[in-house]
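*Asks:* I'd like to ask you about the structure that follows.
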Ligand code: ADP
Ligand code: MG
């Protein structure tokens with residue numbers, strides 16, 4: 001789960017990480033009032049969406065005067081902001097953050113994630129901040145330094161100093177940076193974060209260390225014990241279908257292809273997507289209905305898949321281990337009838353009661369093709385999608 005920049009900065013401030021003064025606004029008038037309260041001549045107006053790359057996409061503007069703040073907010077609010085990190089549709093700008101501008105001497109980068117192979121939280125830092133850090137990692141990896149934190153010892157001040165000096169900070173700045181890093185580490189561990197990132201972390205004109213941007217992502221599996229974080233969730237920034245799916249306990253991810261996939265088990269779902277691709281097709285989604293799926297879940301899954309107008313054919317690949325294939329067949333038939341599905345369905349049911357399941361599908365008189373062999377099933381669905 002992600003937070004907005006303004007929410008992340010509130011948390012930063014609580015954990016002793018310096019951030020610019022700012023105020024949230026969800027109307028142009030509020031933006032003007034926010035600027036007045038902040039005071040001064042110049043302001044930065046920042047679109048609040050769950051994506052980076054706003055600067056280059058026109059979502060971060062430095063302006064002068066209250067009129068300009070109001071004008072800029074008016075232009076941003078209500079639009080869909082498309083950045084390198086959003087899909088082609090972009091994300092809705094429902095609020096802007098009005099900030100005091102900082103004088104920037106240097107733009108640095110710092111982040112923390114869990115390195116699964118090391119089984120540790122790692123911090124990454126670079127003097128090449130403000131830009132695409134993936135590019136830095138790929139083309140100039142020597143500009144990026146990583147340290148791993150021992151879970152029993154916690155982040156050690158010497159590790160923070162190591163990163164600080166690597167970024168060529170002065171001694172005073174290293175001291176400030178050590179506080180920033182220990183704040184980030186506490187946020188990471190106390191709030192069950194999955195990613196914390198400051199890009200850019202700046203050195204101001206006066207030589208101080210300030211977080212100019214803030215990105216926080218939390219472990220969804222820990223939200224049950226992070227109520228204050230969970231309450232700040234902004235559903236408008238999330239894929240509608242993915243949100244719907246989570247209500248029914250379906251693991252669903254929207255993709256860009258035209259073959260809807262309905263599978264039980266994440267491993268089988270991955271393999272199904274692979275084989276669809278292998279035979280020249282493109283999956284429209286990843287969908288794991290779960291090992292012990294029910295007819296109701298199958299119906300909800302159908303509704304989700306068919307919400308996308310791009311879906312030209314549906315591939316059902318279910319292994320009846322915990323669940324029986326005849327129950328799944330029943331679910332498929334009910335769902336197809338209920339939704340009034342027009343597009344072709346290829347169903348591969350394997351496992352308990354599979355013969356019975358297949359018979360039911362055949363006898364249904366609906367546009368459902370039962371196929372036993374996985375390769376043949378994939379080829380059939382790809383052909384159906386192409387000819388649609
Ligand atoms: P994004 O990562 O989405 O592009 P950032 O918050 O990193 O958004 O802002 C992009 C750029 O805009 C920063 O690299 C910085 O140069 C500038 N910027 C952002 N906030 C401020 C601010 N308060 N004062 C001065 N410049 C800013
Ligand atoms: Mg940024």
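Cβ from N, Cα, C; glycine included.
Unlike curated entries, TrEMBL annotations are predicted automatically.
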*Asks:* Among 251, 264, which residue does TrEMBL name as a further substrate binder in the site formed by 321, 322, 323?
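*Replies:* Site partner of 321, 322, 323 for substrate, according to TrEMBL: 264.
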*Asks:* Please report how many Å separate the Cα atom of residue 107 (ATP binding site) from that of residue 264 (substrate binding site), as a whole number.
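*Replies:* Per the Cα atoms, residue 107 (ATP binding site) and residue 264 (substrate binding site) stand 46 Å apart.
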*Asks:* Write down the Cα-Cα distance for residue 55 (ATP binding site) and residue 199 (Mg(2+) binding site), rounded and given in Å.
*Replies:* 11
*Asks:* Hey, of the binding-site residues listed (102, 199, 264), which one tops the CB count within 10 A?
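*Replies:* Sorting the candidates by Cβ neighbours within 10 Å, the top entry is 264.
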*Asks:* In whole Å, how far is residue 53 (ATP binding site) from residue 322 (substrate binding site) when you measure between their Cα atoms?
*Replies:* 45
*Asks:* Calculate the distance in Å between the alpha carbons (Cα) of residue 102 (ATP binding site) and residue 323 (substrate binding site), and round it to a whole number.
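*Replies:* Their Cα atoms are separated by 59 Å.
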*Asks:* Sequence gap of 6 or more, Cβ distance under 8 Å: name the residues on the same chain that satisfy this around residue 53 (ATP binding site), in order along the sequence.
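*Replies:* The list for residue 53 (ATP binding site) reads 83, 84, 85, 86, given in order along the sequence.
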*Asks:* Please name which of the binding-site residues listed here, 46, 54, 55, 99, 213, is nearest in space to residue 264 (substrate binding site), Cα against Cα.
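*Replies:* Nearest in space to residue 264 (substrate binding site), counting only the binding-site residues, is 54.
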